[in-house]
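Undergrad: Okay, handing you the structure first.
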Amino acid sequence: MKSGLRVVLLEEEGLVRNVLVKALADWGYACEVPEDEDAAWAAVRGDAAPTAVVADWHTDILDCGDFFRKVRRAGEHCHLVAGIPRSGADGIRVCIRAGAHDFVYRPYNLDEVRVRLHAIGRIMGLPGDSLSFD
C-alpha cells in the first residue's frame, strides 16, 4: 500500500543516500532529495505535504540546526527527523532544541527508519504500509 507521507531526504550523495532512496521507494514513500538548502526549503514549502524531513545532522548540504529552526518558525506542516551519530545525549539535545521532532541513529538501521516513518504517518492520520518485515 502506498503511504500518504512524502519524505524529503537531506543526505549527501553516495551509497547511504542511494540505499535510503531505494528503501523508501520499496516501502511506498514518495521521496524527494534536494541538492542544496534552497531546494530543500522549496520541497518543504511545496503543496505536496504532509511531509517528513529525514536529515543527516552533519550533512554538507545545509546547516540542519538553522534549517530546522527556519521550518519550525515558518509553521510548516512537516515532521523533522535528525539522523545523528551514536555519540550520546548531547547530540539528541542539540537536535531537539533546534526543532527536531525525533531522531534516528546513524549509521541508519532501515527497520528503525521504517518504523519511525510509519509512526509519523499514523500520528498525521495517513494511510500506511502494513509493516510486514518479510
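Each residue, glycine too, has its Cβ placed from N, Cα and C.
Curation does not apply to TrEMBL; its annotations are automatic.
The following feature annotations were taken from TrEMBL:
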| type | residues | note |
| --- | --- | --- |
| DOMAIN | 6-121 | domain 'Response regulatory' |
| MOD_RES | Asp56 | 4-aspartylphosphate |
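Quick one: how deep are these features, and who are their neighbours?
TA: Following the DSSP three-state reduction, the secondary structure of Asp56 (4-aspartylphosphate) is strand.
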Undergrad: Neighbour count, 10 Å Cβ-Cβ cut-off, for Asp56 (4-aspartylphosphate): what number do you get?
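TA: The answer is 21 other Cβ atoms.
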Undergrad: With DSSP, how much of the domain 'Response regulatory' (6-121) is helix, how much strand and how much coil, in residues?
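TA: Helix, strand and coil residues of the domain 'Response regulatory' (6-121) number 53 helix, 27 strand, 36 coil.
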